[in-house]
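If you look up Swiss-Prot, you'll see 24, 207, 209, 243 marked as divalent metal cation binding site, on the strength of similarity to another entry. What Swiss-Prot records for 15-269 is domain 'Pyruvate carboxyltransferase'.
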């Protein structure tokens, strides 16, 4: 059953996750998904438990139109499927004709965008907002409205634009930090004002870009300020420096804010790798939550701590996100980690012999070689047979 906005009251600590991997994520240069690939990713996202899937921008191409329609036909009974649309009737009609019942309308509200891109006055933009939202509502759509470049919009005009959208019937207001120029303190204050302005009936959403590496931090600040929905992409893919990362935002909401989502967190690693395979964009080695080194340890002090109690050097367990703990060998290794790795191979040595093996491992590593468990095993066996 698709969850509606009415299930998420202002007092609720359950936050909606709006995934835009298939729209904003795919806008990254070099990512061009086929309709079948988009459907496969959408199935994974629905199974993961996101609340909203932005399937595409139906008016932008025939392929986007078909993909949006097919995704809705496949999973529209499991999750809210939404399509992006400019604030004009042609785009709205195209989006409606896909069969979906939710639309994400946007128009820029910053002076910069209005002057150089839209070449429209404030009055013209406000008229577009009212007419497009009302038109979509008159056609029975759930409407989420985004004042594009909201964080660089003059405050009084931003609030006028938001009020105009709500008066026309908008159900949700999304606040995009379009080029990632916010920091958490400012974004918190901004979202707090907007939440208080719109009241409990309207869901406020956050949409953060990563141009200064703050997309996750800003998203969490916005949620902490009262936003009840966060826009994310798997692995943080997207234009320029990318978007707020689904896995980081979800785990931040859960572990740092102590709020809930409907996401099955133990599937995060699996979905991350699936999207990486489909898009051809690898997951960074040091990526938080789902990177291969997110739960990797080499330092002897750290490994000893993790062996005794993993939470000494891990804020969450790898199993909680479907990832794996990796104990590595190198010049920083200690005897406790070496003992554990060898015992997992069925090799048991005295402390004196472990020290000899450890010295050989460090010598190997300091020569610029990557030391594997197999190397340690061979050194140990050679010592045992000597």
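Cβ atoms are placed via backbone N, Cα and C, with glycine included.
From a predicted model like this one, the values you see are computed outputs, not experimental measurements.
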Env. residues of divalent metal cation site, Cβ within 8 Å of mean position of 24, 207, 209, 243 Cβ:
20, 176, 177, 178, 208, 210, 215, 231, 233, 238, 239, 242, 244
Taking the Cβ of residue 209 (divalent metal cation binding site) as the centre, how many other Cβ atoms fall within a 10 Å radius?
26
On the 0 to 100 pLDDT scale, where does the domain 'Pyruvate carboxyltransferase' (15-269) sit on average?
98
So of 24, 243, which of the binding-site residues has the fewest other Cβ atoms within 10 Å around its own Cβ?
24
Residue 209 (divalent metal cation binding site) - helix vs strand vs coil (DSSP):
strand
Cβ neighbour count within 10 Å of residue 207 (divalent metal cation binding site):
29
DSSP on residue 243 (divalent metal cation binding site), three-state: which is it?
strand
